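Database features (TrEMBL):
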DOMAIN    1-193  domain 'ABC transmembrane type-1'
DOMAIN    232-466  domain 'ABC transporter'
TRANSMEM  20-43  transmembrane segment
TRANSMEM  49-69  transmembrane segment
TRANSMEM  134-156  transmembrane segment
TRANSMEM  162-185  transmembrane segment
Amino acid sequence: MTPLGRLLNRLGKDIETIDLQLPVAFRMLMLSTLSVIQVLIVVSISTPLFIIVAILMIIFYIWILRYYISTARQLQRLISINRSPIFAYFSESVQGASSIRAYNAVSIFFNNFCEKVNTFINIKYASQTASRWLAVRLELIGNGVVLAAALLSVFYKGSESMTAGVIGLSVSYSLNITLMLNMLIRQLSDVETNIVSVERIKEYSETENEAEWKSANPEDQPPPKWPIDGVITFVNYSTRYRPELELSLCDINVTINANEKIGVAGRTGAGKSSMALALFRIIEPASGQIIIDGIDISKIGLHELRSRITIIPQDPVLFSGTLRFNLDPFNEYSDGDLWSALEYAHLKAFFKIQQNGLYHVIAEGGENISIGQRQLVCLARAILRKSRILVLDEATASIDVITDSLIQRTIQDQFQDSTIITIAHRIHTIIDYDRIMVLDHGKVVEFDSPKNLMANKKSLFHFMVHSQE
């Protein structure tokens, strides 16, 4: 997942640079270039030998510029990179302010934030130092140009064409050419350093898009009531997060029957969450298929797939708005349906005593209710949809045991006719499921009933159960 700070940086500072700073830098670069050409022509006509000085000056400028721009570009890239962690850390600290205060960790977070700011300031200071380095050398060369123009004027003083007015014109324009060349170099370096923002935005603009939202071919569209049974079949399925990475799931061949309750277990990094991501096509297959009720999910649109499957994630997703909006954002259900879902989710009593009931305002991320209540709101949302396939991605990993038991009991009661896939953090939550799928290094190493797996003392599941006791 792309860090929030990186998105804020690129959609904020980088876009601002492209929209506001780069156009000005390009305009000033063109004006400076034309001004330098104009001054060179005037001075060279009045003092022909100045052409030699101008050529030497340009060589020195190019030599200095080669050193400066390569350094300035990398420093600007480092500035942009180190700005992202500051944005991310600040945003995360604001969101978790209540937890930070509760655990008396304000000083820790403050010190960490200061470290990130100090790193950024050090790089910014290096960038400013490089700019001063350039300024000193440009001024030295500029003063040399003025001196050369004055000496050449003295050299030509006996010439009939070299009047006092021409000498004054030559010296005054040599002063201008110093100013104009300094401006030209600065604008060129600004364009070079700010072009980093274009590179960073271009990287995102060329990021490969997800598949089509809806099926382009009407023949590929699933039936309106799909999935009807909830049979899921993995056929030689493999996937990875990026082309250059190793497979996160490798050659999966399993069938999950209708209404079956499947627990997915495994060590950290075994590929449990990858299976949930694969079902929603958040990661695409490297090979093989996932077939739901006879339909290859890679053939249908993402909306047609994701709107028919429900997931309760480990981190509950709630938006700033009313409770009703969080449960039913498209106004598809009546108030009675919503209260019924809240009752099944053991939240009706809590929201009934709130002043606005269904219109109780939920803060961004659900900050004004407990973590357990946030997860129960997600459960109520799942109850409303009544999908034939329900995925729980370690949904109870970060909540207390009481809320965990409430969720498990509600799922057993309300989703008897659904196929359930539970990615388990606590093994006891799936011990009564129909079958357990044990993953290891992206492969299915065990897939049997809990009873049979527990009977085999050499099984990985048997070891995991006893390690949590």
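Backbone N, Cα and C atoms are what each Cβ position is placed from, and that goes for glycine too.
Note on the domain 'ABC transporter' (232-466): mean pLDDT across this stretch is 87. If one looks beyond the transmembrane segment (20-43) by at least 6 residues along the same chain, the residues whose Cβ comes under 8 Å of a Cβ in the stretch are 50, 54, 149, 169-170, 173-174, 176-177, 180-181, 183-184, 187-188, 190-191, 194-195, 197-198. Through the fold, the transmembrane segment (49-69) approaches residues 40, 43, 130, 133-134, 137-138, 141, 144-145, 148-149, 152, 155-156, 170, 174, 177, 181, 185, 188-189, 192-193 of its own chain, all at least 6 residues removed from its boundaries and within a Cβ separation under 8 Å.
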